[in-house]
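Here is the structure we will look at, set down as structure tokens.
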Amino acid sequence: MLDIRLFRNEPDTVKSKIELRGDDPKVVDEILELDEQRRKLISATEEMKARRNKVSEEIALKKRNKENADDVIAEMRTLGDDIKEKDSQLNEIDNKMTGILCRIPNLISDDVPQGESDEDNVEVKKWGTPREFSFEPKAHWDIVEELKMADFDRAAKVSGARFVYLTNEGAQLERALMNYMITKHTTQHGYTEMMVPQLVNADTMYGTGQLPKFEEDLFKVEKEGLYTIPTAEVPLTNFYRNEIIQPGVLPEKFTGQSACFRSEAGSAGRDTRGLIRLHQFDKVEMVRFEQPEDSWNALEEMTTNAEAILEELGLPYRRVILCTGDIGFSASKTYDLEVWLPSYNDYKEISSCSNCTDFQARRANIRFKRDKAAKPELAHTLNGSGLAVGRTFAAIVENYQNEDGTVTIPEALVPFMGGKTQISKPVK
């Protein structure tokens, strides 16, 4: 959520930033009009309360002097009714303002390129060279079924489209990837490992910006009023919701693996085969809490943490800056890492790393103190995929496939695969 003072002090800047995202800047005028009404109501209410205090003193004085106080008692009742009415009006305006403010996205950093879609994202780095095959490479969805690593048909029978059973060495590879990523982040990158709740309440979803605007993208357990998480970013960021982080704690770095659940509303017909776009998938997440002056350097570091996984696995990738028309709701700046997939003959997103500045912290009331005597300030929050496990799985299967139908296991994963160096079709 944005600071109301930005609307008051820099309305033109806020309008231009909102317009860059393709949203209607008139919302700024709506907020300012409501803010003016609110301030007038507060002023009028304060005057009434001051008058009520004075009338209360007059009543007490008249009673002490045994004088008739009916007129001032009547005024007191009228003032009480008027104050209740003003408070009700103020509450209504506050709700309207909050309802609008919570749907306005974060302000985009000045160095984010302008554009309308992912076609306008800007490549800033490329690592590795896509492999030239001496044979016709297969898509991962064909490879995993031939090697009995996955079963899409039975998953469709049990759950519907966009689900998968990972079987045999497919399940082992998925587990190995998660263990490898978590181990890398905790032992080399300085993150604290967390196991997170995968059902969360509405306040939690509000804190990170999924609610109220993106409810259609979520799965909800209606009876309990809980939501399945779309990413571990949600519970990890809300760890400090409504708390003041004590001096000396920041920077705080969390990592955690979870299942992620997404309805994929609006993605009908896109990536309908394989592991790229599922309703349920595994992901290792990184979340950081930083002092404001440190968050931009933290974004660079967190992105290199994700890149280190791809490089150690030997997977060609590129880094792009998301343009103004493609960046997420809560982010001020986002880097996407895209891995090379031979089946697409293109790069596909495998990680998003974002600086959300104080946007989520204001929604979730996450503050910190620089020292014991200091006034609490809003922290900056960052999040990044480290990495999307299913897409990493797909990238390994496609990039490490062999002409005889086997898949070579990247060297970094061999210890996590029980020493296994190759995946072959099971005998049975």
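Cβ coordinates are placed from backbone N, Cα and C, and glycine is handled just like the others.
Glu233 (L-serine binding site): 31 other CB atoms within 10 A of its CB, across all protein chains. DSSP classifies Glu233 (L-serine binding site) as helix under the three-state reduction. According to Swiss-Prot, the L-serine binding site annotation covers Thr231, Ala232, Glu233, Glu285, Ser385, on the basis of similarity to another entry.
Positions annotated as ATP binding site by Swiss-Prot: Arg262, Ser263, Glu264, Glu349, Ile350, Ser351, Ser352. The local packing around Glu349 (ATP binding site), expressed as other Cβ atoms within 10 Å of its Cβ over all shown chains, amounts to 17.
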Candidates Thr231, Ala232, Glu233, Ser385 (binding-site residues) with Cα within 10 Å of Ser352 (ATP binding site): Ser385
Cβ-Cβ distance under 8 Å to Ser263 (ATP binding site), same chain, at least six residues away: Glu216, Asp217, Leu218, Phe219, His279
Rounded Cα separation (Å) that holds between Ala232 (L-serine binding site) and Glu349 (ATP binding site): 18
Cβ neighbour count within 10 Å of Glu285 (L-serine binding site): 30
Binding-site residues near Ser351 (ATP binding site), in sequence order, restricted to Thr231, Glu233, Ser385 and a 10 Å Cα cut-off: Ser385
Where the record names Thr231, Ala232, Glu233, Glu285, Ser385 as binding L-serine, the maximum Cα to Cα distance in Å: 9
Under 8 Å by Cβ from Arg262 (ATP binding site), counting only residues of that chain that are 6 or more apart: Asp217, Leu218, Phe219, Pro230, His279
